[in-house]
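Notes to accompany the following structure.
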């Protein structure tokens, strides 16, 4: 048995989907373990581009299982729209499996997300307003509705009526707004559940069977470590745990099942939404990176904030996620810059620190300490080995590996599959 966890080491959008797809060819099962349809990833398959939000990357391989684990929050209507879109383009989806313990996102979660963000005013978090946070809140409050409940008509009716009564009082008191009614929700979402019924099962058992059969399992992360509810830039984070350790909770397998953890990063840094970003760029270099790298959110379409590579962030991610191997994407985006920079430490109140602060106010006062390296002008998009890279590009990657104390096992010089290069066998 072998398994690999793929996690983002920054604030999401690192290219995890492409790396997951790249590794999926040799795996038997691909499983998601956190997040919801707030996570967007772009996949190149069969010469076409696909943008997925809930469906695991493994859906494109009909001989492999694509699993949505119990740690994922599922909007049934959004999921069906995604599945229908794939079917219309000739992609079969019969290999999908959904955990019967996954929480369901309902219309009142989307409304609550909108109202709460509005109430925050200038302190808004930058939520995608997909209902993710409120769904996880209901899970912890033990009033959440799970996929297993959605499939049973009487159970769903009883729980939905109870929740709407609670939400109506909450919405009125907190926002002076009304909650979507029972009639607005019940028939549409029960019907959606019935359409998804064939996919719903105990996915923990599927994964356990795969391990017993000595199959290869790939765990697909969403967002990034710096958006982790515990280890990220709190409170500007997501509502779940994208770190590798959440594989055990989010899919129902034991920690001994994990063999390797691949941390995916860009050769620079990007972020969507609000929150601290010590190496953020506002100059021509930032404009170059955003436009050449097409830095616009898959889910929101919002322009991403961009900045220099931050080794303080990556060291933090390596430690809290147990990263064994590094995949560096988008090296080609930096081509043409005279100088490239790596943040090696921060200056906080006149002192140099090398670890990421937990306190938000301290983080806002941090100034990046940069190491400058010469850039390169040579086209790298057809490079297939480290040795073929321009010397300056190769030294840049080697310095990142050295600063972060993790080996580079994959590097990518463009968006296409053939531009993703494996430096060592991972399975």
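Using the three backbone atoms N, Cα and C, a Cβ is placed for every residue, glycine included.
Summarising the annotation, Swiss-Prot assigns GTP binding site to 12-18, 40-42, 304, 330-332, 412-414. Swiss-Prot lists 13, 14, 15, 16, 38, 39, 40, 41, 128, 142, 223, 238, 302 with the feature IMP binding site, giving sequence analysis as the kind of evidence. Look at Swiss-Prot and you will find 13, 40 tagged as Mg(2+) binding site. The active site, proton acceptor annotation in Swiss-Prot covers 13. If you look up Swiss-Prot, you'll see 41 marked as active site, proton donor, on the strength of sequence analysis. Sequence annotations record features per position, and here Swiss-Prot assigns substrate binding site to 298, 299, 300, 301, 302, 303, 304.
Annotated features taken from Swiss-Prot, shown on the structure.
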{"residue": "15", "record": "GTP binding site", "CB count, 10 Å": "22"}
{"residue": "18", "record": "GTP binding site", "CB count, 10 Å": "25"}
{"residue": "38", "record": "IMP binding site", "CB count, 10 Å": "27"}
{"residue": "40", "record": "IMP binding site", "CB count, 10 Å": "21"}
{"residue": "41", "record": "active site, proton donor", "CB count, 10 Å": "26"}
{"residue": "128", "record": "IMP binding site", "CB count, 10 Å": "22"}
{"residue": "301", "record": "substrate binding site", "CB count, 10 Å": "9"}
{"residue": "302", "record": "IMP binding site", "CB count, 10 Å": "13"}
{"residue": "304", "record": "substrate binding site", "CB count, 10 Å": "20"}
{"residue": "413", "record": "GTP binding site", "CB count, 10 Å": "26"}
*asked:* Given a 10 Å Cβ-Cβ cut-off, pick out the one of the binding-site residues 12, 303 that has the most other Cβ atoms nearby.
replied: 12
_Cα-to-Cα gap, residue 223 (IMP binding site) vs residue 15 (GTP binding site), nearest whole Å_ = 10
_I want to verify one value. Collapsing DSSP to three states, which class is the residue listed as 'active site, proton donor'?_
strand
_Using other CB atoms within 10 angstroms as the count, which residue among the binding-site residues 42, 223 scores least?_
42
*asked:* For residue 15 (GTP binding site), which of the three DSSP-derived states applies: helix, strand, or coil?
replied: coil
*Under a criterion of Cβ-Cβ distance under 8 Å and sequence separation of at least 6, what residues of the same chain contact residue 331 (GTP binding site)?*
267, 380, 389, 393, 397, 411, 412, 413
*Per DSSP, to which secondary structure element type does residue 303 (substrate binding site) belong, with helix, strand and coil as the options?*
strand
